[in-house]
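These features come from TrEMBL:
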- 1-128: domain 'Nudix hydrolase' (DOMAIN)
- ARG22, HIS27, GLU33, PHE34, PRO35, GLY36, ASN118: 8-oxo-dGTP binding site (BINDING)
- GLY36, GLU56: Mg(2+) binding site (BINDING)
Amino acid sequence: MKIVEVAVGVIKSANKIYISKRSDDLHQGGKWEFPGGKREANETIEQALARELSEEIGIQVTKQSPFMLIEHDYGDKKVRLDVRLVEGFEGEASHQEGQQSQWVEINELQQFTFPDANKVIIDKLVGSLTED
Ligand SMILES: Nc1nc2c([nH]c(=O)n2[C@@H]2O[C@H](COP(=O)(O)OP(=O)(O)OP(=O)(O)O)[C@@H](O)[C@H]2O)c(=O)[nH]1
Ligand SMILES: [Mg+2]
């Protein structure tokens, strides 16, 4: 099975992260996600993330860095999530396609249902709170 490469943005402002709800009709629909999407053939992962965040939530990314790389097999689909931390952006995040979305405190992320592949992302974010 071909692996789908996905650029995923953990958008951070103070101790909050921006999450949005996937449409019911999509793969892993109805769950919460970090905004992002599939990399196109002519793009680097940085470019893919900047494009997706502009299209999906209307922000222009000015600072992004690698956060973690996750490979996950859903059975019907294999994904490689290139998760990137976004700590600088212009504009105000709001969902462009009418999905529910919101800023949530890192220590409240565990109350939301995410796709299985995201568990390690949440764990790392929550862990980072107690480090410093
Ligand atoms: N954006 C995003 N995708 C995720 C996350 N976790 C996760 O397993 N995925 C998976 O990554 C895959 C690609 O994401 P996507 O559906 O957002 O891709 P896209 O924006 O290019 O959408 P499209 O091509 O359907 O229009 C999906 O199979 C989705 O289930 C996440 O936190 N954010
Ligand atoms: Mg998407």
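Every residue, even glycine, has its Cβ placed from backbone N, Cα and C.
Note that TrEMBL annotation is computational and uncurated.
Recorded features from TrEMBL, shown on the structure.
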residue: ARG22; record: 8-oxo-dGTP binding site; DSSP class: coil
residue: HIS27; record: 8-oxo-dGTP binding site; DSSP class: coil
residue: GLU33; record: 8-oxo-dGTP binding site; DSSP class: strand
residue: GLU56; record: Mg(2+) binding site; DSSP class: helix
residue: ASN118; record: 8-oxo-dGTP binding site; DSSP class: helix
Tally of DSSP helical, extended and coil residues in the domain 'Nudix hydrolase' (1-128): 32 helix, 54 strand, 42 coil
Site extent for 8-oxo-dGTP (largest Cα pair distance over ARG22, HIS27, GLU33, PHE34, PRO35, GLY36, ASN118, Å): 14
GLU56 (Mg(2+) binding site) versus PHE34 (8-oxo-dGTP binding site) - Cα distance in angstrom: 11
Residues flanking the 8-oxo-dGTP site, with Cβ no more than 8 Å from the Cβ centroid of ARG22, HIS27, GLU33, PHE34, PRO35, GLY36, ASN118 and excluding those residues themselves: VAL8, SER20, GLN28, LYS31, TRP32, PHE114, PRO115
GLU56 (Mg(2+) binding site), number of other Cβ atoms within 10 Å: 21
The one of ARG22, HIS27 whose CB sees the fewest other CB atoms within 10 Å, among these binding-site residues: HIS27
Residues among the binding-site residues ARG22, HIS27, GLU56 that border ligand 1 - Cβ under 6 angstroms, in sequence order: HIS27
Nonlocal neighbours by CB distance (under 8 Å) for GLY36 (8-oxo-dGTP binding site), same chain, sequence gap 6 or more: VAL6, ALA7, VAL8, GLY9, ALA48, LEU49, GLU52, LEU53, GLU56, LEU81
Per-region confidence, the domain 'Nudix hydrolase' (1-128) (mean pLDDT, whole number): 96
Number of other Cβ atoms within 10 Å of the Cβ of PHE34 (8-oxo-dGTP binding site) across all protein chains: 24
Intrachain C-beta neighbours of ASN118 (8-oxo-dGTP binding site), sequence separation six or more, cut-off 8 angstroms: GLU33, PHE34, LEU81
